[in-house]
Amino acid sequence: MSEAARLIAPEKRGEDVDATLRPQTLDEFTGQAEARANLKIFIEAARNRGEALDHVLFVGPPGLGKTTLAQIMAKELGVNFRSTSGPVIAKAGDLAALLTNLEERDVLFIDEIHRLNPAVEEILYPAMEDFQLDLIIGEGPSARSVKIDLAKFTLVAATTRLGLLTTPLRDRFGIPVRLNFYTVEELELIVRRGARLMGLGMTDEGAREIARRARGTPRIAGRLLRRVRDFAEVARAEAVTRQIADEALTRLLVDSMGLDQLDRRYLTMIAQNFGGGPVGIETIAAGLSEPRDAIEDIIEPYLIQQGFIQRTPRGRVLTANAWKHLGLNPPKDVEASQFRLTLEDD
């Protein structure tokens, strides 16, 4: 199963972009309480001073609301919002066109900034620090450097892989914000709100069942909600109950912990082929026929958060929780092995 085909893949799809379901203010935004509280202060301070907000870097897994928060920030600052992504900005001229069209205090959002072309990144440094573009016009002996003044703007960037950002780029963000997976209670509120805006009846137990399987990710919660709605409407149910949600998601192969076929293949392969590990990431990628990046960025973060695997210097290792979830008997020394590997990791 490819990552794009997964119902619970956290990457954005066309169906996920529903403006009516998106919160419009920080007060409407559910979850990330600490980040929201700090952003409120920074936004109010910048607005009171009439200055551009310091550059902001959002770090965290896909689907946690980085784009939505950037849009809300622009709205609460009362400025324009421009959006792009790292891979789209192929050359310096593309970035120059974006930056020269910004007005004073505007917000420019760059998603996946870790995938920015290094040559483009060099142009971004003086733009962020001095609000100037340093461009080279011409070639060879006739080449000359031209400085272009820019409006004082705010760059809001998002990355799922902080380690891939260069130190000079990372250090130019005055406001780093780490986003974490959501609790079941927070996702339950998001599911209820979505159901209300859809005009869909929803019991508390139904909302909780969807939230439990949403992998701590609002984007996945919204996608599961839309699929459960389809089952409920065809069944002519007045409201989504726990039974309807459970039947729908079970038929969609999303289990009680939010794991799908690919997650279970990952865990089962380590259990049955490698005795629970340790096993290297390249071996896992080859066994699953999935790119290493997809495994590290998409599959593993949730499994680690749920306590199903450990990353150690010698490779990935299944925990007792994983063996129990798979319904398999772990090796007798699994707990002792995990303790030893943890000590080695430290």
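Every residue gets a Cβ built from N, Cα and C, even glycine.
Summary of the site annotation: Swiss-Prot records ATP binding at Leu21, Arg22, Gly63, Lys66, Thr67, Thr68, Glu129, Asp130, Phe131, Arg172, Tyr182. Screening the candidates Arg219, Arg223, Arg226 against this entry identifies Arg219 as the one listed for that site.
Other Cβ atoms within 10 Å of the Cβ of Leu21 (ATP binding site), summed over all protein chains shown, number 18. Each residue contributes its Cα atom, and for Glu129 (ATP binding site) and Arg316 (DNA binding site) those atoms are 41 Å apart. Excluding the listed site residues Arg292, Arg311, Arg316, the same chain places Gly280, Ile281, Ile284, Ile295, Glu296, Glu300, Ile309, Gly315 with Cβ atoms within 8 Å of the centre of the DNA site Cβ atoms. A straight line from the CA of Tyr182 (ATP binding site) to the CA of Arg292 (DNA binding site) spans 25 Å. Secondary structure of the region 'Small ATPAse domain (RuvB-S)' (183-253) per DSSP (helix as H, G, I; strand as E, B; remaining residues coil): 51 helix, 2 strand, 18 coil. Comparing the binding-site residues Glu129, Arg311, Arg316 on other C-beta atoms within 10 angstroms of each C-beta gives the minimum for Glu129. Cα of Arg311 (DNA binding site) to Cα of Thr67 (ATP binding site): a distance of 29 Å.
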